[in-house]
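Participant: I am attaching a structure below and will ask some questions about it afterwards.
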Ligand SMILES: N[C@@H](CCC(=O)N[C@@H](CS)C(=O)NCC(=O)O)C(=O)O
């Protein structure tokens, strides 16, 4: 680098005026950047002007006033409708926008968490010496990575319909906790009473205490080599403290269980709507499809990451007497993380964008509802598509920012 | 084609160059008509065993192609979901939309498109499994309902249930095959769409006889073709082809007798067929035998109806309100004169 700018300096001293600028690498790059910026601005200007003219010619307007209109569409009961308290005719288009984002985020978050857990496990299976685990992981990964995701979404939807009990029957999905039938999954719902905030505060305080203890324990270990059972203490703090406060304040919460109706008008039979918690089958199918599919890719990333750690590292860990599990957790994975995180981030982004395939099975997320039903209702394609692009861009940038932050943290481990 | 694709095309088309207004010239130059139809709705637009598109909506497009290009086969059918159809039309992906589409004020004024007539008077109906023992829509409180996204159906059903103080859950899917599959698998208690659509989709069920259509018709669904709003000339062509097919039935002109009718003494028939000095095609940019070409290709409205959806077809739909005005129905075309 320095030699180039040195010679540039030498050239500059020999020439003057415009000629000097032409030979100045910095000036050249600035010039081309400016040209590019101007071209982009001109293109954007022409695009906006054309759009305006074409819309006017078709007698259509441009604007965002539609957000205030009432939304008279019924939307499938999901996380988003619960969050907003959505009711057709009573909420605005803006509320529909928010609830569709909430639905996109909840499927993305649930998908990312479970795809990561399952993907790491598969990746480790893939490297295992156990023939059964190894072949299972290999076949799984090859199969799922090579079948189009949309097909897998339809597959899970169909499978759930086949195995679920009929609309007016009930069965356990998780015995004692979750029941289900072809209309959805039903579980307990916590109804909190006024004094419950004390339990929440206790939980927060316990979190802070657990964090403080972990710091103290680490310092002590660094200084003296003595270990403390951080896991146990944390668990104890997080469970015992809130439970105690909960009991002392007189159990200010009741659990509402699903209500199964067997009599009365036929369409009222089955699980009563609005009682207990509810997960739509569309969410469940999408969740299964996105999780199992993305996990296959994550497994390959994890495998590559682990294999990128030199063999000497695990041999050294073994020589120090670390059992294989501990060696994996304390020696191999931390180093593998540096290789894993960048491609893992792009899998997270893929999963989020793939959630838009939900339109095909009727899960009301951003694309299905806002860029679908709402767009049809208000007919503002440019505005709505621009907004949807912005939302996805924002989610992507935030995810990337978070993963970069995390990456920098694990990087330090290397020293 | 994916839904997002069409929306993007629409957005891109608006952002890019100016829209061309001369659809008629474009169609003549291309030598074929791009006609937007459904993804497969028996009786209206569906490919037969050999892959040839058939149906009432399809025949209308063939009539337009015959009028403009003198060839009912010169049509490229583009199958569209309910959700994508309007963007496909306004962006210029298709020249004409003929896809069991309800004429409403929003669509006619707010989407950059114009309806050119009614080719089938319909209304929204509901189907339930016979095993439920439900006999009227008023017993549907608490039901889960399956329907298509991007339709009037999806909006009407909410109106109806709110009006009657009934609660319901709506599963709205993009592809009709998915909707009927979801209903067939017990995800929903009720399947709802236009009555003609209910009759057609019912045939896709494993055991059609195990399902009953409820007596209520909960909306008006005048189905008809539409074109881009910025092209008056093309709008006239679309409108008058439909009118001519209805007029032809009124005056007894059929695909079989159209040549003989050329020599008919009846001045109305002469005007429709462009016999003698009559030339109503020129002001629209068409030939004088414009209507004769259409009738020869697909027959008059009654023939089209009977062939595709009538009592002798699997759909078995009574002519009912779709009869001619002088036969107790709503079909009434302004005179060709
Ligand atoms: N007429 C209504 C409903 C149209 C509609 O999409 N109906 C469905 C069910 S009859 C359909 O066309 N399905 C065939 C397909 O998906 O292509 C409208 O214009 O909104």
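Just so it is clear, glycine is given a Cβ too, placed from its N, Cα and C backbone atoms.
According to TrEMBL, the protein carries these features:
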type: TRANSMEM; residues: A:30-48; note: transmembrane segment
type: TRANSMEM; residues: A:96-122; note: transmembrane segment
type: DOMAIN; residues: A:101-403; note: domain 'ABC transmembrane type-1'
type: TRANSMEM; residues: A:143-164; note: transmembrane segment
type: TRANSMEM; residues: A:196-217; note: transmembrane segment
type: TRANSMEM; residues: A:229-249; note: transmembrane segment
type: TRANSMEM; residues: A:283-302; note: transmembrane segment
type: TRANSMEM; residues: A:384-406; note: transmembrane segment
Participant: Near the transmembrane segment (A:143-164), which same-chain residues lie under 8 Å Cβ to Cβ, leaving out any that are not at least 6 residues past its ends?
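Facilitator: The answer is 171, 180-182, 281-282, 284-286, 288-290, 292-293, 295-297, 300, 354, 357-358, 360-361.
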Participant: What same-chain residues lie close to the transmembrane segment (A:384-406): Cβ under 8 Å, and 6 or more beyond its ends?
Facilitator: 97, 101, 104-105, 108, 341-342, 344-345, 348-349, 352-353, 366-367, 370-371, 374-375, 378
Participant: Are there residues at least six beyond either end of the transmembrane segment (A:96-122) with Cβ under 8 Å to its Cβ atoms? List them, or say none.
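Facilitator: For the transmembrane segment (A:96-122), the sequence-distant neighbours (Cβ-Cβ under 8 Å, at least 6 residues beyond its ends) are 67, 71, 73, 75, 78-81, 83-84, 86, 137, 140-141, 283, 286-287, 290-292, 294-299, 301-302, 344, 347-348, 351-352, 355-356, 358, 363-366, 368-370, 374, 387, 391, 395.
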Participant: How about long-range neighbours of the transmembrane segment (A:283-302): same chain, 6 or more residues beyond its ends, C-beta under 8 Å?
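Facilitator: Beyond its ends, the transmembrane segment (A:283-302) has Cβ neighbours at 78-79, 107, 110-112, 114-116, 118-120, 122-126, 137, 140-141, 143-145, 149, 152-153, 155-157, 160, 184-185, 336, 340, 343-344, 347, 350-351, 354-355, 357-358, 361, 363.
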